[in-house]
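Q: Okay, handing you the structure first.
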Amino acid sequence: MADLEAVLADVSYLMAMEKSKATPAARASKKILLPEPSIRSVMQKYLEDRGEVTFEKIFSQKLGYLLFRDFYLNHLEEAKPLVEFYEEIEKYEKLETEEERVVRSREIFDSYIMKELLACSHPFSKNATEHVQGHLVKKQVPPDLFQPYIEEICQNLRGDVFHKFIESDKFTRFCQWKNVELNIHLTMNDFSVHRIIGRGGFGEVYGCRKADTGKMYAMKCLDKKRIKMKQGETLALNERIMLSLVSTGDCPFIVCMSYAFHTPDKLSFILDLMNGGDLHYHLSQHGVFSEADMRFYAAEIILGLEHMHNRFVVYRDLKPANILLDEHGHVRISDLGLACDFSKKKPHASVGTHGYMAPEVLQKGVAYDSSADWFSLGCMLFKLLRGHSPFRQHKTKDKHEIDRMTLTMAVELPDSFSPELRSLLEGLLQRDVNRRLGCLGRGAQEIKESPFFRSLDWQMVFLQKYPPPLIPPRGEVNAADAFDIGSFDEEDTKGIKLLDSDQELYRNFPLTISERWQQEVAETVFDTINAETDRLEARKKAKNKQLGHEEDYALGKDCIMHGYMSKMGNPFLTQWQRRYFYLFPNRLEWRGEDEAPQSLLTMEEIQSVEETQIKERKCLLLKIRGGKQFVLQCDSDPELVQWKKELRDAYREAQQLVQRVPKMKNKPRSPVVELSKVPLIQRGSANGL
C-alpha cells in the first residue's frame, strides 16, 4: 500500500508539472480580481508619495512596461517607432553568436537609423550614430552596441509621452495591478501542495502549485516549534533576509525566493522549483566528471556567486549537495541558510561544511568576506573531478583532521589535470587570501579570465546557451521516495509551546518579491485577466450609463482623494455599508450606490483620526464630537495607509485654520449633514459646499 501511495504521489506531481509548463493559466484554481478603476485616485497618491510614479520606476517593472508598450503601440502613433526600435535592440542583445549580431546589427542600422537620417527625421544625437557606425565599420558587434540609443530612446519617452501615459486608462490598469500586488497576503490555501521532495534540519520541501496563476514552485516549510527547540530563530530569519537580497535582478543560477509567509505553526519560503536532483546525487550515479563537463558547471556557479557577491552576500556553504539541476540540466545554488551580509560588518564565525571551508573561516576570530566562497569553489571543483574533497584523504570522517589539513596541507594536483586546470585550482586553493584568485580586487572577473575558461563566451553562459553535459531523465521525480525521505518525530516537539513572544519574532516575515510576482503574472494570467476585466468594465458601462458618476463628481473641485470604503457608523447597524467617499480640505462626503442624497462630515466636527482593529482587520476610527464615531474599512493595505494619511493631513490643516479663526471655533454644528436637496452630480461650486 505504501508503494502504491508513493507511485500515486509521483504521478500527481508529474502531471501537475506537465500541465503547468503547457498552460499554467488553465491550471489556476483561483482568479485574480482587479479592483474598480476608481482605485486610481488612491493608488496614484500612494505611489506618488513613494516616488513610484516616474518613467524609470514604471518602465523598469514588467507589468509597467507591458502596459506602457500597449499604450504606445496602440494609442500613440508618434511613440510607436521608438518602442519598436527599443524592442529590436533588446532582441539583438540576447543573440547567441557574433555572426547573428553582425547580420542583425546591420538590419537595425538600416531600418531605424539610416532610414531616419536620410529622411532628416532622426531624433537621436550625433554621438550615438557615430558610436554605432564606428563599431560597424570595424565589424565590432558587442551585445551593448546600441546602448547609447537605449538611453536616448528612454529620454525621448520620458517627457510628454510619459505624461500622456499617466493620463490614460493604461495607467489606471497599472494602478489596479499594483493594488493587487501590494495587498498580497498568502496562506496555505493559495497553494496546492504535492509530494515531499526533501527534508532539512527544521522542516521539509514540497512541490506546490500557486492557485491563482498555476505556476509550480518549491515550498520550504520550517516548523516553528523545531526552530525554537534548536534555538534556530536567527538562522531562519537570516535565510529570509539573504533570499530577499539575492532574489532581485536577473540571475538564473540561484534558487531564488518569490514569496515568504507564515502560519501559526510554519515558516514558508516559496522558491524556484528544481526537478533535476543535485550534483552530489549525480556524482554518485554518474561518477566523476571530465574537465569539459566540470567547466560547464563551474561557469554557471561562478555567475551565481558573482550575483551574490555584488550584493555583499557571502554564501559559505558551497558543495555539490547544494547545487541543484533543473529539468534541462542547468544548475542553481540553493539553501542560503548559512549565507551572510558583509556590507557593514565582515563575519568571523566558523560555519560551513568541513572539507569545503576556507582557512580564514576555520581560524577563530578572523574576519572574512567573499574570499571564502572562492576557496570553497576550488574544493568543490576538485570533488567533481576526483570524487572527494582535496582535504579529505582516505575517506576520513574526522572533522578535526580535515580542518587541520585545510590549514596546513599543500594540495597536490594529479598529473592528469591540464595546465589550465592546475592554474585555476592552484589560484582558488591559495591559503593566503591576498594571493587567492577572486580576491585580488576584481572578484569573479579574475576567475572568468582564467585560461581554463578561455573557450567560453560568458554572455552565452549567462543566457544558458551551452548544452548541459547531463540532462535529468524526463517523466521521473528526481528525488527520493517520500518514505525514504522520512518525517520528523512529532514527540521531539511535543513539549514545546509557542508563545506570543515567539510569534512576534516573525511579525515582519511575510514578503513578496515584486519583480518575481510581476514576471509570474506576465507569463501566466496577465493577458487573460486584462481581457476579462476589459469586458466586465465595458459591460458595466453599457448597463449603467452613470458608471464613472462617482469620479465625475470630483472633477473640477478641490477633491483630495476619492474611492470606495465600508463604514460602520450608525448605532443601530452592525453591518458594514459600502460607500463612495470624497475627501475635501474641509469635509468628508459619501454616498451609497444608486443614491442621490449624500452625507458629509466637516473637519471641525472630527476630534481624532486613529487606527483600530475589528476582528483582526485594521480599520480607521473617526471620533466625532458628541461621543459619536465612524469606523471605516478599506479593501486593501495601500488604501488604508493612504486614507489614514490624507484624512489626518486634512484634519490637521483644518484644525490649524480653525485656530487662526477663533470665532468659528465654538460655533455649534451638526456632526453629520445629509445633503438631500440637490443631486450629487448637479452640485458644482468651486469648493464643493
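Every residue, even glycine, has its Cβ placed from backbone N, Cα and C.
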Q: Considering the residues S450, S670, which is the one that Swiss-Prot annotates as phosphoserine?
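A: Residue annotated phosphoserine in Swiss-Prot: S670.
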Q: Do you know which of K178, K220 Swiss-Prot groups with I197, G198, R199, G200, G201, F202, G203, E204, V205 in the ATP site?
A: K220
Q: Where R199 (ATP binding site) and D317 (active site, proton acceptor) are concerned, what is their Cα separation in Å, rounded?
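A: One finds 17 Å between the Cα atoms of these residues.
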Q: Validating a neighbour-count step here. Other CB atoms within 10 A of the CB of G203 (ATP binding site): how many?
A: 22
Q: Any idea what the Cα distance is from V205 (ATP binding site) over to D317 (active site, proton acceptor), rounded to a whole Å?
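A: Rounded to a whole number, the Cα-Cα distance is 19 Å.
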Q: Tell me which residues of the chain lie with their Cβ under 8 angstroms from that of D317 (active site, proton acceptor), as long as they are six or more apart in sequence?
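A: Non-local contacts for D317 (active site, proton acceptor): D335, G337, L338, A339, V351, G352, T353, Y356, S376.
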Q: Please state how far apart, in Å and to a whole number, the two most distant Cα atoms are among I197, G198, R199, G200, G201, F202, G203, E204, V205, K220, the recorded ATP-binding residues.
A: 15
Q: Using DSSP, break the domain 'RGS' (54-175) down into helix, strand and coil residues and give each count.
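A: DSSP classes over the domain 'RGS' (54-175) add up to 95 helix, 0 strand, 27 coil.
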Q: For I197 (ATP binding site), which DSSP three-state class applies?
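A: In three-state terms, I197 (ATP binding site) counts as strand.
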